[in-house]
Amino acid sequence: MKLATWNINSLGVRLPQVLAWLDRQAQDGPVDVLALQELKLTDDKFPAAAFEQAGYHATWFGQKTYNGVALVSRTPAQDVVRNIPGFADEQARLIAATYGEGETALRVIGAYFPNGQAPGSDKFAYKMRWLDALRGWLADELRRHPRLALMGDFNITFDDADVWDPEGLRETIHCTSEERAHLQALIALGLHDAHRLFPQPPKTFSWWDYRMLGFQKNRGLRIDHILISDALRARASACTIDRAPRKNPQPSDHAPVVLTLD
DNA sequence: ATGGCCATCGCGGATGGA
């Protein structure tokens, strides 16, 4: 089975690319759950019928202009949660659901972490509060759901290996010690960075700036992640970043991350 | 080189992204 995450930077613009990508993936095994971020549309504009026609269920949490997240899946979502319980938030950034029953039930959390803009800014402070709230709730979720995956656009790099220019970008947004400590605190709850469970080529990134020929020069960051619990780690067999959609006309600035489980 | 590109809203140019 496959789990995937993709920040598509407007589902209105890139729905055809998402459907084409799901089709392509299905050639060597369908994607069971795809987490999407940055829908940039309201709930009433979500293209549920298009996904249904393609054979997928969906559950979504939209917002006008900004943010918005969804889970697209082969089986229906159960026990859906929108945003972090107990954390008042105007922004649609998180959606969680359970797939399957009993001991094989899988809990999936799709999230669009705040960008944070710059250390010291109000948006950075919001990012830190959001991360605190996520950690508190996630600890409970892990107790309830041993088979759990947290995936999405984290807007945080783990370390210098996730950064095209570690010296030039030291302690800038996505690369600060404070953000990385928060990311490690999520790992400390009992999660694993699926990407690093397997050998990866150096300079493997998931996002490239639209400007300065960022993708062509591979000037990128790895900020899109799939974190999995111990129970899922035991079943993980591959984790890859698919650069192909970044070469599409009108691409998202992010590439999808795909985890394969036995 | 303190911007470059892209999407949104809405019809010019600001805002946000990362």
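Just so it is clear, glycine is given a Cβ too, placed from its N, Cα and C backbone atoms.
Under the heading domain 'Endonuclease/exonuclease/phosphatase', TrEMBL lists A:4-254.
Positions annotated as Mg(2+) binding site by TrEMBL: A:Asn7, A:Glu38, A:Asp153, A:Asn155, A:Asp253, A:His254. Sequence-distant neighbours of A:Asp253 (Mg(2+) binding site) (same chain, 6+ residues apart, CB-CB distance under 8 A): A:Asn7, A:Asn9, A:Trp207, A:Trp208, A:Asp209, A:Tyr210, A:Arg246.
Just so you know, the Cβ of A:Tyr112 (active site) picks up 26 other Cβ atoms within 10 Å once every protein chain is counted. DSSP assigns A:Tyr112 (active site) to a strand segment in the three-state reduction. According to TrEMBL, the active site annotation covers A:Tyr112.
For A:Asp153 (Mg(2+) binding site), the number of other Cβ atoms no farther than 10 Å from its own Cβ, over all displayed protein chains, is 29. According to TrEMBL, the feature active site, proton donor/acceptor maps to A:Asp153.
Positions annotated as site 'Transition state stabilizer' by TrEMBL: A:Asn155. Residues near A:Asn155 (Mg(2+) binding site) in space but far in sequence (CB under 8 A, at least 6 apart, same chain), listed by position: A:Phe113, A:Pro114, A:Asn115, A:Gly116, A:Lys127, A:Ile173, A:His174, A:Glu179, A:Ile223.
Marked as site 'Important for catalytic activity' by TrEMBL: A:Asp224. Around the Cβ of A:Asp224 (site 'Important for catalytic activity'), a 10 Å sphere holds 25 further Cβ atoms from the protein chains shown.
Within the region 'Disordered' (A:242-262), the DSSP-based counts of helix, strand and coil residues read 4 helix, 6 strand, 11 coil. Taken from TrEMBL, the feature region 'Disordered' applies to A:242-262.
According to TrEMBL, the active site, proton acceptor annotation covers A:His254. Within the same chain, the residues at least 6 positions away from A:His254 (Mg(2+) binding site) whose Cβ sits under 8 Å from its Cβ are A:Trp6, A:Asn7, A:Ile8, A:Asn9, A:Asp153, A:Ser206, A:Trp207, A:Asp224, A:Arg246, listed in sequence order.
The feature site 'Interaction with DNA substrate' is assigned by TrEMBL to A:His254.
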Measuring Cα to Cα, tell me the gap between A:Tyr112 (active site) and A:Glu38 (Mg(2+) binding site) in whole angstrom.
7
Mean pLDDT over the domain 'Endonuclease/exonuclease/phosphatase' (A:4-254): what is the value?
97
Other than its own, how many Cβ atoms are within 10 Å of the Cβ belonging to A:Glu38 (Mg(2+) binding site)?
23
Within 10 Å of the Cβ of A:Asn7 (Mg(2+) binding site), how many other Cβ atoms can be counted across all chains shown?
24
